[in-house]
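Enquirer: Sharing a structure below in structure tokens format, with a few things to ask.
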Amino acid sequence: MPESQRLFFALSLPARLQRQLVSWRAQAFEEHTGRPVAGASLHMTLAFLADVSPEKQQALMTLAGRIRQPRFTLRLDDAGHWPRPGVVWLGTRQPPRGLIQLADLLRAQAARNGCHQSNAPFHPHITLYRQATRPVALPPPGFCWTTDVQEFTLFASEFSRGRTRYQALHSWPLV
Ligand code: 2AM
């Protein structure tokens, strides 16, 4: 019988931007800030679904395929540290309306299909470091990366041999 998978909807980043962020991160943050997330794994989660059965996955994919939302430009110009989960993140000072609408829609569809959604407000971010539990020196404001977002993706999170890997299962275009 096929098994449940740990799933989430997210924005992937172009490979070039992933590489740029990895090299910026190395000079913008101190060594030992935390465990850096691999460049190919950098992403912005829109809706976290947790463990999803194959039937529910199919239903959520059908709904995702009906979404007609506009493309938008994302400006990555903010950074922060959440000490409790040990996350250092890159985010945006002004989330574009298209980003919020897309995340709201995916989160609402997930909730209606029994995927518990946190009550905490959506804080769009790209996790740069994990296990960052000690105080972190953040880079001064002034940095800004931009990317044109043209699609969103369903990812599976797989844990094996001590590592988490994200596998892109399917992407849908924004219009
Ligand atoms: P994080 O980077 O802030 O930890 C895969 O684990 C993705 O889903 C990550 O982007 C992670 O966010 C997010 N995620 C994991 N657990 C979550 C939860 N309970 N609520 C919201 N997002 C979660």
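Backbone N, Cα and C define each Cβ position, glycine as well.
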Enquirer: Write down the single range among 23-26, 35-38, 43-46 that appears in TrEMBL as motif 'HXTX 1'.
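Expert: Going through 23-26, 35-38, 43-46 one by one, TrEMBL gives motif 'HXTX 1' for 43-46.
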Enquirer: Among 13-16, 125-128, 129-132, 137-140, indicate the range for which TrEMBL gives the feature motif 'HXTX 2'.
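Expert: That would be 125-128, per the motif 'HXTX 2' entry in TrEMBL.
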Enquirer: In DSSP terms, helix, strand or coil for His43 (active site, proton donor)?
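Expert: His43 (active site, proton donor) sits in a strand per DSSP.
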Enquirer: Averaged over the motif 'HXTX 2' (125-128), what pLDDT does the prediction give?
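Expert: Residues in the motif 'HXTX 2' (125-128) carry a mean pLDDT of 98 in this prediction.
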Enquirer: What Cα-Cα separation, expressed in whole Å, is found between His125 (active site, proton acceptor) and His43 (active site, proton donor)?
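Expert: Distance (Cα to Cα, whole Å): 8 Å.
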